[in-house]
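Participant: Take a look at this one; I'll ask things after.
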């Protein structure tokens, strides 16, 4: 079947056929579709040629069925492309695409040896032409080309008929006799200019050059037409046409005619292209739908956070699809931010509740067995950790317990949990297995709780010094798979480290309240209260450590009510999804600004201030024992008010109108006292004013000294100068 096409005023007929269409395989094939860099690739021989001259100017201007081209601006830049066996004294065919942007000068598109071949635009004749040497046989186009129009030039030399033929867009333009051609002296064709000798060029091309092929055969008219309509872009120019007429597509293309892009191996029209989350717009280029990202749109977001981000799903679940969080068993909600305080925790293999209140033994509620005290009798206590009833008091004597591990191997993963309340700061063992296989203790040297595993003392240490007479929930974890130990206090991670367990455990029990040595003696006896103890035959995750503290043992951290839907309603002064945080003056304990940023919120509205600060919110600052904060100054002033005369007062920023406050007080520097006239001091005492002594270090922090006129008269000049020498500003006020 024949079809008709009109391009650039030419009437063209071509046959519909398979992609092979009886065309030979080219010896050289440049598609010029690289789009970047300074080399072009021969797709037949998989070789590259580098531009000679200025960098390549790549363009998206493309001939039909292709992508991209190279722009030559007449500056002499050119390519030398290997012939790869094409002999110009024998039959050959060269095919290329051109798009001139100027027709005022000669432009050479392909060239090889002055005595062999020109593919060019002849400015004098205003024609395209193929020139075959040695006698310059010229086959010219039959029309005047126009600028900014793509043309396919096919030049054919037939050594059998001694003819040279030029085809434009598959249509024969002229056929001339060409006898006695010679082989090229060069092993390459020149693209973009005529180069007689290396470095000596002329007639540089002005315009765009597209794909180029070379064949060691003379095309027939039918093949020249096919070269334009089919074989120049068989398989949509994106693959190889096999002998059976089917297309073998290049990387990045698919479909029967290689007409589809592929993105990472999936055709652009396939619903699963770009992971089904975007559009495949070019080879391996995905435009992702809203909520997706990544080269293949494989990444997605949950509530605005990337699925691979550690904070996704509130760190309490896995983002499995766009805005779809698969929450851990402890949390619920679209962002896994709703805590389930009614979570049912996995049962331990050993559990002592310490709630017997009488007798000398403690009971394992899992294995229904008792452990008897070694040493003196048990001192039971009504002091209880949250959610429990009772505890055992150890007074540092020889008394302690042995509790069986019930086949929980201490060289495999395990978890131990317990409550402890220190009565004194002393080296105290809480749970212990021989040879430091396991040692959960308070170290009085470091002032920290510690978990020690292995005979070489691998440690996980708490981040703070515990307070006396305060209950703490301790969770020690050994994970044999990751080779790590972790210490949690009140459900919060304190420290994790690598660890290798000891294989020297010679008995299958732990000691409670002391460390029992191999000779039977005990050391590091606990001074304090011991609450419930649990042992688990697996390593807790961080969520499970939180659960062990917050849910089963203490729903809503003892600071709220667990609702039927699993959420916590926090009591006054507590906040957080588990009510685990105190507030001080309405600010959460883990906020940097709590306690004025000068202390630690240790309980509801209870600040432990840093050194140098005081007040219920650590808002008052002191300096080496002298008053620097005005609030405290006022407290002292009003306590000593007798007369309405202001003698001398020192203040800090911000400046305040102190003279509006009735004050009778004298603030002097300690080193200034010897300089003050005796009459001055007597005068001060007559007014019943009490001096505030300001040290030299405090004076360095002062910014203003407010004095009355009367004080200036009474005060030695040297005293005033002493303030001024230290950049303390004097403010004069009348009585």
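Placement of Cβ uses the backbone N, Cα and C atoms for every residue, glycine included.
Grabbed the feature section from TrEMBL, which reads as follows:
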- 249-258: disulfide bond (DISULFID)
- 288-297: disulfide bond (DISULFID)
- 609-618: disulfide bond (DISULFID)
- 226-259: domain 'EGF-like' (DOMAIN)
- 265-298: domain 'EGF-like' (DOMAIN)
- 580-619: domain 'EGF-like' (DOMAIN)
- 1-17: signal peptide (SIGNAL)
Participant: Near residue 618 (disulfide bond), how many other Cβ atoms are within 10 Å of its Cβ?
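Facilitator: Excluding its own Cβ, residue 618 (disulfide bond) sees 23 Cβ atoms within 10 Å.
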Participant: Residue 618 (disulfide bond) to residue 258 (disulfide bond): how many Å between their Cα atoms?
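Facilitator: Rounded to the nearest whole number, the Cα-Cα distance is 75 Å.
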Participant: Which residue among the disulfide-bonded residues 249, 258 has the fewest other Cβ atoms within 10 Å of its Cβ, if you could check?
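Facilitator: Sparsest of the disulfide-bonded residues 249, 258 by Cβ contacts within 10 Å: 249.
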Participant: With every protein chain in view, how many other Cβ atoms are within 10 Å of the Cβ of residue 288 (disulfide bond)?
Facilitator: 19
Participant: At the level of the C-alpha atoms, what whole-angstrom distance separates residue 258 (disulfide bond) and residue 297 (disulfide bond)?
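Facilitator: Computed Cα spacing between residue 258 (disulfide bond) and residue 297 (disulfide bond) is 23 Å.
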Participant: Cβ neighbours within 10 Å, counted over all protein chains: which one of the disulfide-bonded residues 297, 609 has the most?
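Facilitator: Of 297, 609, the one with the most crowded Cβ is 297.
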Participant: Cα of residue 288 (disulfide bond) to Cα of residue 249 (disulfide bond): how many Å, rounded?
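Facilitator: Here the two Cα atoms lie 25 Å apart.
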Participant: Express the predicted model's confidence over the domain 'EGF-like' (226-259) as a mean pLDDT, rounded to an integer.
Facilitator: 73
